[in-house]
Amino acid sequence: MTFSNSSVEPDTLPAVEEARLTSVSPRLAPCVALQQMWRWLLLTTLALLFPVTNATLAVWQPWFAAGVGGLGAMMIVAGWLEAKRRAYGVREHDVIYHRGLLIHRTQVLPLVRLQHVETLSSPIERAFGLVRLACFTAGGRGADLLLEGLPARRAEAVKHYLLSRLDSDGDGQPPPSPPPSASG
Amino acid sequence: MKHQHASPSLEHWQRLSPWAVGLLLVTSAISIVRQHLPLVFGAGAGLVFIERIGLYEALLGGVSLLLAAILLSLQYYRRFRFRLDGDVLVIQKGLFEHREFKVAARHVQHIAIHQPVYMRLFGVVQWQVETLAGEASRIELPGISRDLAEALGQRLGSSAPRDPKASEWHESSAKGGQIRFTITPWALTLHGLTSRSIYVIAAMLSPLIRPVERWAHEHFPGSGAREWLIDSPFMTLGLTVVALVAILATLAVFASWWRFHGYELRDDGERHVQVSGLLQRQEQALSLRRLQVVEWAQTGLGRVLGRGYLVCRQFGAPGGGEAEEGRRFLVPGLTRAQGGDLIRTLWPGISMSNALSGVSVIYRRVLMLRISLALVAGLVGLSWLAGEGWPSPPAWGWGVLAVILLLVVWILAYLRWKALGWSREGRYMRVRQGLWGHRTSIFPLHNVISVSIQQSWLQRRRGLATLHLFLANGRLTLPFLDKRVAVELADRLLASVEAPLSVE
């Protein structure tokens, strides 16, 4: 066997940065805010009602609870803004998910690595008509890529496309085209 | 020769060896005792429990438990059967719930054979198979004959086309192949000293500190030696540290001999096979098609003594401690040259001669900030816990302490930053991480599972980015790369995965 090692021009490679991404559903922002709100409401209530025996600390308890509540309010706003910025893309050979407000993250999962696709939704997500799409690869202990904030019909379309890619890759058939509004 | 015997017909239902019932009991008992050792002996809980219920009652309970275990083992043995259906291993088992498992040969990534000393007498082994789903998918045949185990390994361990009539196909290749590496006693000893076993042993023995301390107080209440030790605290501290290190080092060397005595790595063409173990012989087969990442690991002492070890990673083997690595395909006690040779064997075409590129110096400053914050938080926590007992040195004392801490922080940040490096060489990539010790992951570009590019607010201002590479065994992070470099590397890695033959 001969070993070849020819150079490839970086400019000729498909660029992740140039991929066209589609924003997730605008309903994700209120959905995330609501989920965060329940969480922080619980924490604030706990901070307020937790039995404190030390008299000095007990004086500060309402202020501490107010601080937790204030932090919660900030996190809810941040969650809202962050959810509005999320975007995804399905290219011929990979799935891209972009998220983050202060820290931007772009994850790319090649479809050749895909083993299994799942759709999930909590009661709150169902109330907003949203679905999560979990993509699993071999050996992973959890979802390797989680697309949040997809409308139910869009999630089904993407799921069917990914499953058809799994089948076609297994059969050695040429890949089908990505769903129109999700392609990059 | 043993392997010239006719192999069992694997197409018919096979049962575990009759000895498996007894061996199952022994194995389970050892496993339970090992897992609950700290609970039983750690704080003397076992003795207190026996004192509380009485020795006779405890013995009666033990005998009842033993009888129940024997009955359950017999039932387990009766229900357990397996056979090969073409290239698929079918296993039926279950005490109260009947379950059937099927493992296709094309999904097998790892096969291991263990033979504890008490199994050698009966010619019985424990056989394990793991699929691409990783450790969670591990299935074990807890007591079968060695011939059967080897026949199963050969049938499932290779996907090469073969004559369907050839039930004795494995015999031609069994025990063949080229010896790649054998360990010497000196290398074995050095591996014990330079591996991470010493920390694992220290963690395992930590529950015994309190009982030993109590025992020492009871047995040396007023001896002259104790008074002398109290009078010389620095001497006491020094002697204690030396004694502890000596004990731990001895135990680490012993563990190394126990696990890797007689280590031999054999190149069997499609796979590499390693055999080792002082009393418990262990045989592991690594399918080269399933090999994802090779790690060259050196502890701090290992770097000084020029020794390290290789860990061959497959799917579903996230990085862990020494206990985790004990179950992985590990080549111990290698010199740098031996390690390099083996890596070049496993990844043909790699030269490892490229210098590693570092990451931005800003990462070092970020590390300094992170470590300083952690240190300050730790000191504040300690002072709060100590309360009035917190020492109050003069102002210059605080200054000296601050300078020392800053120096420590700078050294730690510098070492971690300096250790971090990466290099792309043809179709392979190397990533090194560490502090005192170094761990270098070497993998083909097309073995990457997914890629993530991350940019914080600071990184966006400085034109930097962090690249996360998700591999079969976990995540590798290259922080604070030039953004152009990070994006270009991500594009190249993705192109290698998506069109592995066109991008090299």
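Every residue, even glycine, has its Cβ placed from backbone N, Cα and C.
Among the features that TrEMBL reports, domain 'YdbS-like PH' is placed at B:77-152, B:417-492. The feature transmembrane segment is assigned by TrEMBL to B:16-33, B:53-74, B:183-205, B:234-258, B:367-386, B:398-417.
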Problem - Three-state composition of the domain 'YdbS-like PH' (B:77-152), taking helix and strand from DSSP - result: 20 helix, 40 strand, 16 coil
Fill in the blank from the handout: Same-chain residues at least 6 beyond the ends of the transmembrane segment (B:183-205) with CB under 8 Å of its CB atoms are 248-249, 251-257, 260-264, 276, 298-299, 301-302, 305, 307-309, 321-323, 325, 332-334
Fill in the blank from the handout: Its residues classified by DSSP, the domain 'YdbS-like PH' (B:417-492) shows 22 helix, 42 strand, 12 coil
Handout entry: Positions on the same chain near the transmembrane segment (B:367-386), where near means CB under 8 A and six or more residues out
Key = 405-406, 409-410, 412-413, 416-417
